[in-house]
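Taken from Swiss-Prot, the feature active site, proton acceptor applies to Glu89. Feature annotation from Swiss-Prot assigns domain 'Radical SAM core' to 108-341; the stated evidence is sequence analysis. Among the features that Swiss-Prot reports, disulfide bond is placed at Cys115-Cys346. Sequence annotations record features per position, and here Swiss-Prot assigns [4Fe-4S] cluster binding site to Cys122, Cys126, Cys129. The S-adenosyl-L-methionine binding site annotation in Swiss-Prot covers Gly172, Glu173, Ser204, Ser227, Leu228, His229, Asn303. Residues annotated as active site, S-methylcysteine intermediate in Swiss-Prot: Cys346.
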Amino acid sequence: MSELKNMLDFTKEELENLVQPKFRAKQIFEWVYKKYADDFLQMSSLPKDFRVYLQKNFHFSPLKCVKDEKSKDGSIKYLFELLDGKKIEAVLLPMKEELVDENGKIIKHARYTICVSSQVGCKSGCSFCLTAKGGLSRNLSAGEIVGQILWIKKHNKIPYERRVNIVYMGMGEPLDNLKNVSKAVKILADNDALAISPRRQTISTSGLAKQIKELGEMNLGVLLAISLHAVNDELRSELMPINKAYNIASIMEAVRNFPIDQRKRVMFEYLLIDGINDKIEHAKELVKLLNGIKAKVNLILFNPHEGSLYNRPSVENAIKFQDYLSAKGVTCTIRESKGLDISAACGQLKERQSKQ
């Protein structure tokens, strides 16, 4: 393991306490996050002896891309190897294509969402998730989380000023690593770093009610997504063992008390699984659960993987489910499945790579 410190692990305030004079921290941040510098010696605005000091004591990112796969829909999945040899995944999702006029002038820039991992593996044990098979290995540091985004932006030549959305929906349970995830949020939001507003960062959780409360008390301004996937405790405990510790009632109570921008909604992710939770009776129960909550439901059609216990539902059933919710006044969308041809669901690329 390297004894060098990961520069991406530090907030600007922390860096100000390590380097003198303090304004050097701002300069370093601008080189790293705005100019995508990957060598301290390139930082020409810094004194040469200071650059040498940085080179001897810090590194930029422990990430090494060992495999990537590009889907026909433009999604790109990356498998990263960390300094200790552990592997994690991240995905670049193009949300809107670039628009140009007849003269080739850009009218609207392309928009992207980057899905990042927060842990190596996961201990939640969800029966439909491939990552859960291997259990939890360790938490990612803030720098390892930030590094995924920085690497993807740099290697896809996405300019610093181009807006991206961040979703903490990759490998791991983000709220099980709240300290480092919240630190990553702050680093990314810094105007001298990537300036990604917390309102463009969504933290997804399987429903850790205690940590939802802690996240709310931090008042970071992030968006919250709840991986619900079932409308009663019996079924949810079967699909998601974490429900035995935090049942649906406790999750809903935590959500009702969670501070969120009045212009935004709490997202509820609902994975539709054929014959398991995709019936109208489930939709009816979901409407009751969400009563009084400013919510948006994101329906996701199950993405099968090798050895999966479940099947993908029909599009027809998904539309019926959506129509029922919409008719009852619940904002609801069916998430466009991206990367089906590259196994872009969480843990699939890592699993395939390990078998090769």
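Note that Cβ sites are derived from N, Cα and C of the backbone, with glycine treated the same way.
Structural mapping of features recorded in Swiss-Prot.
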residue : record                               : CB count, 10 Å
Cys115  : disulfide bond                       : 26
Cys122  : [4Fe-4S] cluster binding site        : 26
Cys126  : [4Fe-4S] cluster binding site        : 20
Cys129  : [4Fe-4S] cluster binding site        : 21
Glu173  : S-adenosyl-L-methionine binding site : 28
Ser204  : S-adenosyl-L-methionine binding site : 20
Ser227  : S-adenosyl-L-methionine binding site : 24
Leu228  : S-adenosyl-L-methionine binding site : 28
His229  : S-adenosyl-L-methionine binding site : 24
Asn303  : S-adenosyl-L-methionine binding site : 19
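Summarising the S-adenosyl-L-methionine site geometry, the residues cited as binding it (Gly172, Glu173, Ser204, Ser227, Leu228, His229, Asn303) extend over a maximum Cα to Cα distance of 19 Å.
Distance between Cα atoms for Glu173 (S-adenosyl-L-methionine binding site) and Cys122 ([4Fe-4S] cluster binding site): 6 Å, as a whole number. For the pair Gly172 (S-adenosyl-L-methionine binding site) and Cys129 ([4Fe-4S] cluster binding site), the C-alpha distance works out to 11 angstrom. Confidence over the domain 'Radical SAM core' (108-341), given as mean pLDDT on the 0 to 100 scale, stands at 94.
Among the recorded positions listed here, namely Glu89, Cys115, Cys122, Cys126, Cys129, Cys126 has its C-alpha nearest to that of Leu228 (S-adenosyl-L-methionine binding site). Looking only at the recorded positions Glu89, Ser204, Ser227, Asn303, the one with its C-alpha closest to Cys129 ([4Fe-4S] cluster binding site) is Asn303.
Most Cβ neighbours within 10 Å among the recorded positions Glu89, Gly172: this distinction goes to Gly172. Here Ser204 (S-adenosyl-L-methionine binding site) is compared against the recorded positions Glu89, Cys115, Cys122, Cys126, and the shortest C-alpha distance is to Cys115.
Closest to Cys115 (disulfide bond) by Cα-Cα distance, out of the recorded positions Glu89, Cys126, Ser227, His229, Asn303, is Glu89.
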